[in-house]
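Take a look at the structure below.
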Amino acid sequence: MQLTGSLKGRSSRLMRSVNSLAGAAMFVAPLLALVAVWAAVVPLFNVNPRVFPSVGAVGTAALDSIRDGTLFAHVGASLLRVGLGTLIGIATAVPLGIAMGVSPTVAAFLTPLFRFFSVLAGIAWIPIATLWFGYGFGAIVFVIFNAVFFVVAYNTLLGVRTIPHTLRNAAASLGAGRWALLTEVLLPGALPNIVTGIRTGLGFAWRGLIAAEMIATNVGLGYMLFVARDFYRTEVIVFGMIVIGVLWLLIDRLLLVPLERATIERWGMVRRA
Amino acid sequence: MKTLSLRNLGKTYFDPYAGAHVTAVHDVSLDVEPGEFISVVGPSGCGKTTILNMIAGFIPYSKGDILLDGKPVHGPGPERGVVFQSFALFPWKTVLDNVGFGPKMRGVPKAERDRIAHEYLALAGLSHAAHRYPNELSGGMQQRVGVVRALANNPDVLLMDEPFASVDAQTRMTLQEELTRIWQERKPTVIFITHDVSEAVFLANRVVVLSKGRVLDEIAVDLPRPRIWDDLVRDDEFKQLSARVLQMVRAA
């Protein structure tokens, strides 16, 4: 009984790693195809490097920025801002979302404000944020916080509302008080939606970050792109764009997907993607 | 010893679709002795689930009293354990932690509540599933967890709301036999809501027949225990009792 169980576990683990390898190949293949087309088209039509760089030029720009350390300075600055803004956003949005989910009065009062501010969330705040915090770190973190806050709070609210009422009843009839209801039922029950909110919010935040860094700082990936433009360095611009895209994919794969796998997928609360 | 009493219990609520007040429970009085197993049976709409929800404290009552050991009952509480038709297990907790939830709420330390949970899981033949999550279990196994989760909290009354209605017929018979066995071992006080007449008779010491929010009749069931379906399907007394209750329910 136990033996067959562990054998089954092992073979399914093997199947899963084969599957994920195949999945990775399926994911990378179109990107490689795009690079191949790019590598063929630029010399074929003799494209002006001021319009679009060759693959080789971008590779050289990449090596240069790694060698002199500027890439890591930009990436480090950007990740720190996104990380801090997102953490502050989550830490404030989840309690508010739960309060809204529990209390119809709070929800009714705040919903119009949410509708209004979620349209404004993100880059529309850049001008006033720079007035409040000055150019640099504070303004950018504020913009990121803003992008994350509203979407996470709203999704937390949705999550609390979708918890079956019988689960709250079950907890209450087993002796759970208000605090236990919050930590044992509402938070884990809302987690699928909270994760969705974080994923969407991080997407907004990442875009907001690049926009804010173009305006309000002198280090970071957005700044790297923007400055390269002034010198017609298309190879640096394209390299920066690639880094932005790849970093986002890495954040998703290495942070969000494992989080989902360990929690809501394991609990059977969402279907495995 | 705790005794549960319903005194002239009634429930009226406003139905926004009908635009009128609806009375789900008119006037129900019932006394439940400690260690008794009572089945409440009736056609849908007779108010049986409403009564259970009022005893559980999930909904307020409009008139009368619910007394547990002489004290009025308001809101949910751990002295009234509930087994739900939809199981209502916490998907994010293992089977062990689901069963240990009640003791955890009482502040029982981790090692002790794990011991309690293991003991109750063994009672339902579920020891092998202790570290699995509910979504990995069949419906029948999930409801076994639901039953022992309520029992592990040592309630004065166990309220069961059509708990076996959503499992297949064979599993249901097994669960019914297991429930009577567990009841014999532990003698909890049980109020069991069902629309299935043979289930009501099979399980109970006393069957309460409800109709349109009122108690139509009560029938004592003195069939010997342990009760096993293979014996009872051929038992004349069981057949007669079931036929009598069925007649009442259909006429209700």
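Counting begins at 1 with the first residue displayed.
A Cβ is built for glycine as well, from the same backbone N, Cα and C atoms used for every other residue.
Annotation comment: TrEMBL describes A:21-45, A:71-94, A:106-126, A:132-158, A:204-227, A:234-251 as transmembrane segment. The feature domain 'ABC transmembrane type-1' is assigned by TrEMBL to A:75-255.
Counted as Cβ pairs under 8 Å, contacts with the transmembrane segment (A:204-227) are highest for A:71-94 among A:21-45, A:71-94, A:106-126. Under 8 Å from some Cβ of the transmembrane segment (A:106-126) lie the Cβ atoms of residues 96, 99-100, 139, 142-143, 146-147, 149-151, 153-154, 157, 204-205, 207-208, 211-212, 215-216, all in the same chain and six or more residues away from its ends. Long-range Cβ contacts of the transmembrane segment (A:21-45) within its own chain (Cβ-Cβ under 8 Å, at least 6 residues beyond either end) map to 52-55.
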